[in-house]
Amino acid sequence: MDANQRIARISAHLNPPNLDQIGSGSGLGRVGCRAKGGSPGFKVAILGAAGGIGQPLAMLMKMNPLVSLLHLYDVANAPGVTADISHMDTNAVVRGFLGQSQLDEALTGMDLVIIPAGVPRKPGMTRDDLFNINAGIVRTLSEAIAKCCPKAIVNIISNPVNSTVPIAAEVFKKAGTFDPKKLMGVTMLDVVRANTFVAEVMSLDPREVDVPVVGGHAGVTILPLLSQVKPPCSFTQKEIEYLTDRIQNGGTEVVEAKAGAGSATLSMAYAAVKFADACLRGLRGDANIVECAFVASHVTELPFFASKVRLGRCGVDEVYGLGPLNEYERMGLEKAKKELGGSITKGVTFAKK
């Protein structure tokens with residue numbers, strides 16, 4: 001009997017939940033599946049965990065010591081990814097959920113939900129070309145979040161972020177669960193790229209570079225504030241134009257380099273985990289956790305805008321202003337707002353259909 005219980009406990013998190021199949025005599029449910037000696041932590045769900053971003057994202061989240069329970073959901077291949085990642089000798093317990101019928105269970109009780117679900121960008125595609133497919137996916141997932149874990153922090157990766165975040169917000173408003181502090185579009189990849197590209201030009205360690213990137217998460221809506229780089233750097237106009245263009249088109253650079261084989265998945269997973277870790281540290285109560293994110297905002301006249309935010313126990317504790325901009329950045333801001341306004345409206349209109 002003891003052996004059967006141990007086997008049931010080990011296997012419970014590898015298979016999609018079906019408590020009837022576990023065996024009524026074992027007295028075990030999925031709730032009992034936990035690593036011996038595991039320390040308390042946060043419960044995190046990844047929706048789209050079997051995709052190009054989802055798999056490396058899931059692996060990196062399994063390595064995060066702040067995560068005690070990791071739920072991996074997808075419409076296909078979730079059991080295989082779950083089995084694979086569950087073999088890693090880190091504390092987080094991993095459970096897999098397959099298909100729409102198991103979405104509610106995947107979300108119940110979660111502290112943080114990360115959404116990379118959707119189709120990737122291919123050569124010649126813009127982020128807006130992804131809209132019709134990914135918008136519907138995000139709407140469906142947001143409806144489930146509103147029902148099953150309305151107080152969870154939600155990190156949206158699914159592109160176009162400039163539209164999918166407003167879609168989620170409208171779904172939450174309709175459900176009466178919208179909390180602007182808890183809904184965030186992940187623009188961290190723009191910051192990661194900016195830090196890397198600036199470090200290359202200035203011969204610095206990218207881990208010591210901090211470039212604020214504001215606006216949105218597509219093309220000209222991505223506005224790196226190179227005048228506010230830390231440590232302070234002096235750029236020529238040619239360097240400013242080169243860096244701004246490369247940061248804005250970093251995604252296209254990867255899509256074209258992969259030649260039809262995908263988009264930015266590994267760097268996106270790295271950036272998403274970096275931001276998720278910041279959210280978890282904020283939830284834990286760590287002080288001075290400041291990152292850039294696309295959030296409900298009064299920084300400009302637009303209802304959503306990416307800027308620096310301070311993260312805390314409630315999600316976004318404070319949204320920071322833009323600070324002093326030079327003339328080049330002010331011109332870029334106007335271009336960004338014009339493009340971004342249309343994307344936000346597109347998302348809101350879709351959600352209200």
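Every residue gets a Cβ built from N, Cα and C, even glycine.
TrEMBL does not curate its annotations; it predicts them automatically.
Feature annotations, courtesy of TrEMBL:
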ACT_SITE  His217  active site, proton acceptor
BINDING   Gly48, Ala49, Ala50, Gly51, Gly52, Ile53, Gly54, Asp74, Asn134, Ile157, Ser158, Asn159, Met268  NAD(+) binding site
BINDING   Arg121, Arg127, Asn159, Arg193  substrate binding site
DOMAIN    43-185  domain 'Lactate/malate dehydrogenase N-terminal'
DOMAIN    187-350  domain 'Lactate/malate dehydrogenase C-terminal'
Cα distance (Å, whole number) from Arg193 (substrate binding site) to Met268 (NAD(+) binding site): 10
Spatial neighbours of Asn159 (substrate binding site), counting only the binding-site residues Gly48, Gly52, Gly54, Asn134 and Cα distances within 10 Å: Asn134
Averaged pLDDT score, the domain 'Lactate/malate dehydrogenase C-terminal' (187-350): 97
Least buried by Cβ count (within 10 Å) of the binding-site residues Gly48, Gly52, Gly54: Gly52
List of residues, in chain order, with Cβ under 8 A from that of Ser158 (NAD(+) binding site) and at least 6 apart: Gly48, Ile115, Pro116, Ala117, Gly118, Asn134, Ile137, Val138, Thr164
Residue distribution over DSSP helix, strand and coil in the domain 'Lactate/malate dehydrogenase N-terminal' (43-185): 63 helix, 30 strand, 50 coil
Gly54 (NAD(+) binding site) versus the residue listed as 'active site, proton acceptor' - Cα distance in angstrom: 19
Length of the line joining the Cα atoms of Arg193 (substrate binding site) and Gly52 (NAD(+) binding site), in Å: 19
Longest CA-CA distance among Gly48, Ala49, Ala50, Gly51, Gly52, Ile53, Gly54, Asp74, Asn134, Ile157, Ser158, Asn159, Met268, per record bound to NAD(+), angstrom: 18
Greatest C-beta neighbour count within 10 angstroms, which of the binding-site residues Asn134, Asn159: Asn159
